[in-house]
Amino acid sequence: MGCTSSSIASEKKQSPSHSSNSSVDFKMAGQNLLPAFPAANSPQRLQSTGRAKVALKPGRSLMDWIRLGRSNQDLNGFNGRTMDISVEELAKHNKQEDAWIAIRGKVYNVTPYMEYHPGGIEELMRGAGLDGTQLFDEVHKWVNFESMLEKCYIGKLKVTTPIHKRVSDSTPAQPAQMKNLQQNGPSLAALKPPSGPVPPRFDWFQNKNSVTLVIYTKCKHMRRDCVIIQRSELTLLCILYIEDYIYIVNIELENKIKDNYDVRIQKETGKTEIVFPKETESQWSSIGRFLDQHNTFRNTKDVETTYHSCQIESVSEVSHDCKLLCIHLPPELSMCVPLGHHVHVQHNISGMTIARSYTAVIKSLLQDKQDKRLGSVIYLMIKTYKDGALTPWIGNLSSGDTIDISYPEGTFKEERLQDVTDLVLYAAGTGFTPMVRLIYHCLHVDQKLSRNIKLIFFNKTEKDILWKDQLDSLTKEFKNFTVEYVLSEANDSWQGQKGRVTKEIVETFTPAPTKDSSNLLICACGPTAFTEIVSQFAKELGYKDDSFHAFLG
């Protein structure tokens, strides 16, 4: 399940056809069963990192598009010839039957792609005749559009001035900033975001045995899993996730350091120290040479997706169509995935680069079965689809095979759990994956007996329920954890809940709304229609926006 996260923070229009016993068959995700949700121009839709998918016509799947691209048909409209395109010419092609779009300076004829677009024709038309780079990045910047639209490429976009010019690009460095450039790399003065966290400050110190990098983040929610470290010979790259931004330290060190290191974080100030033992005892004359992007602070939405070639360590069956992959990161990379975040998996299928997002899980829900190799392995729980574009390949992976994994992304904030006394989780199928670590965190890491955790788990049949034995074991061990299984295709022997998600179910299993919304958190993940209808019901029942978090896929 590729679940990305989004907080629900806008009003939804209620369809007249919806009644109190409304339900949705989440196998039909994307069909016209629901009102537009979120509303087309709502802040939620504009800010969401998830993709709203629609039901495609038969013969319009991703694999069908790949086959069309290999059929030698004229998809760019000029028999494969390319040319430079002016902004004025681009603007003329803004109709469904004649639609061009520019992404990162390249113009594509997306007319033949219309019916293949997972987000629907209307969504793709938002960028027709325009530079759609910003729209593309808001929704799925991790998708390799160059590979996807290769046969639709018309040519380069001719512009005399940048269409989307950042203020920081034109801000001259001041003398004081130039002094900072010499000492600590590029100045942050011109890179400070108009809103958001204050840019960090970088420093370092040493003794004869070690060198310590210091980043003053001023973020009270800094954690070890917000720090990524990558080493190669003398090159050291550190990436710190600070709210919705990343801070980069990129240095060619003066001398060698050892593989082991320590990350120390002061919770009150966010001060982060990374201590590296020196390979030989000595006093360095300097930290080394600052490299490209050192001391830069950027919004995560402006950062290109980077992949690393990793190795499959093991593959185990979770169910008849779902597997648990243990993935070993490259030895030079230390990367933890924050709670509720996901990574992208990328692979070339029939000449086209395909990427999908998957929420990181853990080895087991049971405390004595955990993998303690922090930062060196990640676990993904992936359902295979016979007609899928990427999962048939994933389903055939075995120990020793390689897989490309991105840096983590996501919007869920672990600190949101701090005051929660009731955590209610609605999951459908592999929408269970974001809930895995939430459950483990609340039962084993941040134990609070006063916090009630409730999982309402929707599946087709009993054999589809993931980790049912582990969930049942936890309900016996922890009095504050309960699970309700709901099956849409249950057999006659099933004694539990039957059917699909309804407003009555949401009302029954969720505590009544209160004035203090910080005490309640409702999370939902599954096919798009499932997640949206749960949030719709929650809104109709009076739950506040900040009481709901949607993991969108």
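Each residue, glycine too, has its Cβ placed from N, Cα and C.
Please treat TrEMBL annotations as automatic predictions, because they have not gone through curation.
Copied from TrEMBL, the annotated features are:
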- 82-158: domain 'Cytochrome b5 heme-binding' (DOMAIN)
- 197-288: domain 'CS' (DOMAIN)
- 305-415: domain 'FAD-binding FR-type' (DOMAIN)
- 1-25: region 'Disordered' (REGION)
*Within the domain 'Cytochrome b5 heme-binding' (82-158), residues counted as helix, strand or coil by DSSP*: 32 helix, 21 strand, 24 coil
*asked:* Within the domain 'FAD-binding FR-type' (305-415), count helix residues (DSSP H, G, I), strand residues (E, B) and coil residues, in that order.
replied: 10 helix, 53 strand, 48 coil
*May I have the DSSP-based helix, strand and coil counts for the residues of the domain 'CS' (197-288)?*
3 helix, 50 strand, 39 coil
